[in-house]
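Chemist: Starting off with a structure, shown below.
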2 protein chains.
Amino acid sequence: MEKFEVHILGCGSALPTTRHFASSQVVNIREKLFMIDCGEGAQLQLRRSKLKFTRLNHIFISHLHGDHCFGLMGLISTFGLVGRTATLHIHCHADLERILTPQLEYFCKGMAYNVEFHLINPTKAEVVYEDRSVTVSSIPLRHRIPTCGFLFAEKPTPNHIIRDMIDFYKVPVFELNRIKNGEDYVLPDGTVIPNNRLTTPPAPPRSYAYCSDTIFHRPIIEQIKGVNLLFHEATFAQCDAQRAKETFHTTAMQAGEIARDADVKQLLIGHFSARYEDENILLQEARSVFPNTLLAKENLKVTL
Amino acid sequence: MEKFEVHILGCGSALPTTRHFASSQVVNIREKLFMIDCGEGAQLQLRRSKLKFTRLNHIFISHLHGDHCFGLMGLISTFGLVGRTATLHIHCHADLERILTPQLEYFCKGMAYNVEFHLINPTKAEVVYEDRSVTVSSIPLRHRIPTCGFLFAEKPTPNHIIRDMIDFYKVPVFELNRIKNGEDYVLPDGTVIPNNRLTTPPAPPRSYAYCSDTIFHRPIIEQIKGVNLLFHEATFAQCDAQRAKETFHTTAMQAGEIARDADVKQLLIGHFSARYEDENILLQEARSVFPNTLLAKENLKVTL
């Protein structure tokens, strides 16, 4: 199966602790790397992950709180120092371009590559990136400032040819693409060979949803229905549910409810408040609602 | 003896490695904390150091390369989140105020404390901070952009009273300050008691010089003469001396020469290039010229 992995670079929340870095993840889809959020220290964690800098061309920023974007300048500078030439694409709220541009002009003069901004309207669910094999869509969230999550979805892949059958029926090469795409084959004598004798179905497309930061927000359920992996913030435990609401965050139990009601395959919780020395309380709460839950931690890799 | 310590938060150079954080130090003088430079991750390292955030009121920035200042926004934000109310003073080149102000306005709206900038002219050696017990002076350095180091110097303290002699001669309390400041005491019968019978001399004032980043630059020697501890950058080994010159950095051996010729008591080298897996090569080079040399490392504390 083609690679589809999520690497946690940081899963703490606004206050840094000695246990967690600020928010940042890398999604590796077939050796193309996509960064989601870029808190302080992300470049350090990226280096620790041994992921190749040069394979990272797109960064998606969920919202403009410092713990989700203060690592950008360091990362961008370092890419310059190591001789990057490929354009780096940053998908973000318009304000970030405005804030970052003067810094880029000051600190990154003469860099051999460009930073290109692609502005996101976080109030709409829409495709913000697309290539041959994947689409990335924004997921409107509800936080103190404009915020969106991201849904990474593989595109359906063609059927797999059964080589022996192709040879047996002497199917010419120019017919193969049509057959991969599900069509039957008609022999010169008019006999129809049904597609399912010539191919096996592809692996179903996989998907990953990143939802952070947000208040408990049921409208996302429809968009993330059935994803293979859902990362959902679980800043607080249920005993701090009032605080979660006031600060537009989610409790671990609420994250479990979202996962259950969206019928996702696996839930990964993170963005932990600094107040919980032992995050197993968060894990247990989420699992009480949605058993297949994992606790994020730095340097964790989850394979879809 | 009153506390005078240097804490290394980060001692790497521009390229981050898994071994080193970017430049940042804290000088603790009698429980007043002074930060020098604030590379990415400084706030995390400050937390690890267990030094009290509230005792840090002054930050000195040597120059505006990212590895010396990209940690400021995170630190300032975090101070806001933990409820700081005391003004934070940043001593820096004018450009930093210009670059940082829009970010502060965007990310730190409604913070309960102020950030106040104090502009430094890095081409002049002058006092940039002063309180009852210490002066901080800029040390003009020579780098690719305007840069200065910092000299932290204790002020001379008064002599120590010998309590028994004061009692013996029945010296009245109002005379004590004069005696502490070195004056003799005259008994009612006109007999002069020389000061050295009434007091012991204070510990000599200590001093710490921070010199990074800079090309090998002998003019600093006069200003740092005899300091108790000199931090000097040693980005490169002698085999890369040409590269050091081109990039306006110093080799470890050259740092040793500066220490020797300035007759300092101890040398601490840092700002290591990422290219040296084993920094003992740098230590050995510096020690070949100036034996009392230490290698900086994260979480190292040096007591003066």
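Quick reminder: no glycine exception, Cβ is built from N, Cα and C everywhere.
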Chemist: TrEMBL has A:ASP67, A:HIS68, A:ASP213 down as binding Zn(2+) 2; which of A:HIS160, A:HIS271 does it also list for that site?
Modeler: A:HIS271
Chemist: Which residues of the same chain, at least 6 positions away in sequence, have a Cβ lying under 8 Å from the Cβ of A:ASP213 (Zn(2+) 1 binding site)?
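Modeler: Looking at Cβ-Cβ distances below 8 Å from A:ASP213 (Zn(2+) 1 binding site), excluding near sequence neighbours, one finds A:SER13, A:SER62, A:HIS63, A:HIS65, A:HIS68, A:LEU141, A:HIS143, A:THR147, A:GLU233, A:THR235, A:PHE248, A:HIS249, A:HIS271.
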Chemist: Residues with Cβ closer than 8 Å to the Cβ of A:ASP67 (active site, proton acceptor), same chain and 6+ apart in sequence?
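Modeler: Set apart from A:ASP67 (active site, proton acceptor) by at least 6 residues yet with Cβ under 8 Å, we have A:GLY12, A:SER13, A:ALA14, A:ALA22, A:SER23, A:GLY39, A:GLU40.
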Chemist: By a simple count, how many Cβ atoms lie within 10 Å of the Cβ of A:HIS271 (Zn(2+) 2 binding site), its own Cβ left out?
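Modeler: The answer is 29.
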